[in-house]
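> According to TrEMBL, the region 'Disordered' annotation covers 35-60, 204-235. Taken from TrEMBL, the feature compositional bias 'Basic and acidic residues' covers 43-60, 218-233. Feature annotation from TrEMBL assigns domain 'Retrotransposon gag' to 82-162.
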Amino acid sequence: MIQLTQDVLLVLIHDASTSATAQVMTQFAAQDHINLSPPSPCRSRELSSAPKEEEQRQEEEHLDKFYAKIDWYDLSDTAYCKVFRTTLSKRALVWFNQLPAGTIFNLEQLTQRFLHHFSMNKRVPKTVAFLFSMCQKENEPLRDYMQRFVKAVHEVPHVNHELLASIIQQNLLPGRFKESIVGKPSSIMEDLLMRSQKYIRIEESNASDPSPGIKRKGREEEKEPKKKEEHKHVPPTGFTYYTLLNASRGEILIVVEQQGLINQ
């Protein structure tokens, strides 16, 4: 936040004429006798009233506030540059102090250098294509996926809610929640989040307390391999190999009867 009062400005103007500020003045090539008018009120109003896009750089907002403050004063360009320095902190102040001496000639050049330097470090917003890549992973709980998806939505500016519903439907694994969306589509993201809570509770309930039928089925499946294993160890009954006959069955039967081998 910029905290700039009239007393601070007066002190800065006074210090600009003393030797105590000589070291700061080496950062600028502009001479004290070069007087440039501060940004016009129209320019300040234009900067301040411009629509604030979500991706607007924080540095631009900083300059908007700075110009709004200095509109009330008629100072030299050197004084404005000195005042601008008092609004910086941390990385921005380090950057300012590292500017080569004699490379800044006016406030406009300083602010352009400021924007150019920090815009290179600006994080690029994600696009809708990023959301299409947020698919539910195999064995990922519905609760974890919905939390991950909502977090991703916050990183993508200006997303249509109807499109979000379609993306969720496409990215979900087959299941009851996906079937619910297909059967009853919704164009409101909040509605989908509310409906997802029902299926999250069902999923978590099934995971923590499976039904008796499922338990019984599991026990039967555990016993089934043992039964098969027991059958494998049962010895075979009867003969595996037989001697081939060298006469017909009729001839053999006649011989057996003649020899009295068959009990009447």
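Using the three backbone atoms N, Cα and C, a Cβ is placed for every residue, glycine included.
Those TrEMBL annotations? Automatic predictions, nothing curated.
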> With DSSP helix as H/G/I and strand as E/B, how many residues of the domain 'Retrotransposon gag' (82-162) fall in helix, strand and coil?
45 helix, 1 strand, 35 coil
> Average pLDDT across the domain 'Retrotransposon gag' (82-162)?
83
